[in-house]
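Working notes, beginning with the structure itself.
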């Protein structure tokens, strides 16, 4: 019997059975254990969720800003009280180390919710004078029922990133988590209800993107879709959302981000940054800086520092807080990553570290891939051009600043970029020329609630987090008021 039994849908403030008996398995990628049987939503369930969300949204939007803010703050408190429990569930479901989920996933998700809870009373319109007897005022009104579609790498954090601004602005949200990692999002729905959110304002439908996701994106009474995932799927979601009813969309998609290390950089610090940009969360982060550019004359010294740090990685049971490198999210994804590693070897890249599946002892039960570093890479290699979404670093050399900027930008993606240098002028000069939406100087990876995140080119549309995201969950109504007489031309 599965450890967590059968997981139902969450609609209208409670768990309900799906309209069919179909389920899918939630699997612990560290051991292969079946954690739960998760029900698949039907099209009829989607209709129930939309109707429930419409009812709840009217109640929610009619509350005062302070009432909504207090409920969201209460949810923040509950998230923090249950942090360790939720973190362990996230570890079991995703394979991410508990040392990561305990201090990052729920913590940063709660921070975003707290940030938007504080902004609820700040949603304001404007007053625009026209003449002595007339003025215009604007209202920022909620969109209505919105949809969030999450990725498998940060399940509860992404659910909070999407629901926080949506709910703060007075909307309802129907959330569809990834089929691979659905469990913590259902717990989030419980927490919202416990905090006092009206029934229906946050519903969770589990199932495949091909079915449930499409039913949601095509639904005529959904006003906005926020999607996190791959670029190919994102294009389909965007086409579906726009062709059905011209929905607004936010897309956080793939990346193949460059990390440029300059000749004057502190090489130890640069190596530490490169490690975080490639191996945190076992390399399953959309913003990973997998193309590491190093001046040719510094390549050997940099390789030595990277190899030394890779040797210190503590791969193992993700439930052990001493572990800092767990398995990949699924056995299917492991095969995809191993395929890219094989391609890298075939195309002539040299393996500096790793390059294989970990199979010794308990590793054999899980989807573990060794932290892998390729060097002697060229821009035309598959591992350099395509998003792998795993623990695979590619080291490339360059000669001039102009050259490395051109090569860094030579990609269909534009999600993130970073520069390591002690020259502040050079740092800003390079960053301003890089075609990426999220950039770091002498750092990598932090995405605080206040920081808008999103991509250029085929890495996304719109932004999440920051004040600008809140505006994307409202629409402006303009009202002209005439205090004096009115003249007709007829």
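Cβ coordinates are placed from backbone N, Cα and C, and glycine is handled just like the others.
From the candidate list 145, 147, 180, 201, the residue Swiss-Prot records in the K(+) 1 site shared with 27, 93 is 180. According to Swiss-Prot, 150, 151, 152, 176, 177, 178, 179, 230, 231, 232, 233, 286, 387 bind NAD(+); the candidate from 196, 200, 254, 366 that the record adds to this site is 254. Cβ crowding, taken as the number of other Cβ atoms within 10 Å, peaks at 286 among the binding-site residues 246, 286. Sequence-distant neighbours of residue 464 (active site, charge relay system) (same chain, 6+ residues apart, CB-CB distance under 8 A): 161, 162, 165, 226, 250, 252, 452, 453, 454. Counting neighbouring Cβ atoms within 10 Å of each of the binding-site residues (150, 177, 460), the lowest count belongs to 150. Of the recorded positions 179, 248, 179 has the largest number of other Cβ atoms within 10 Å of its own Cβ.
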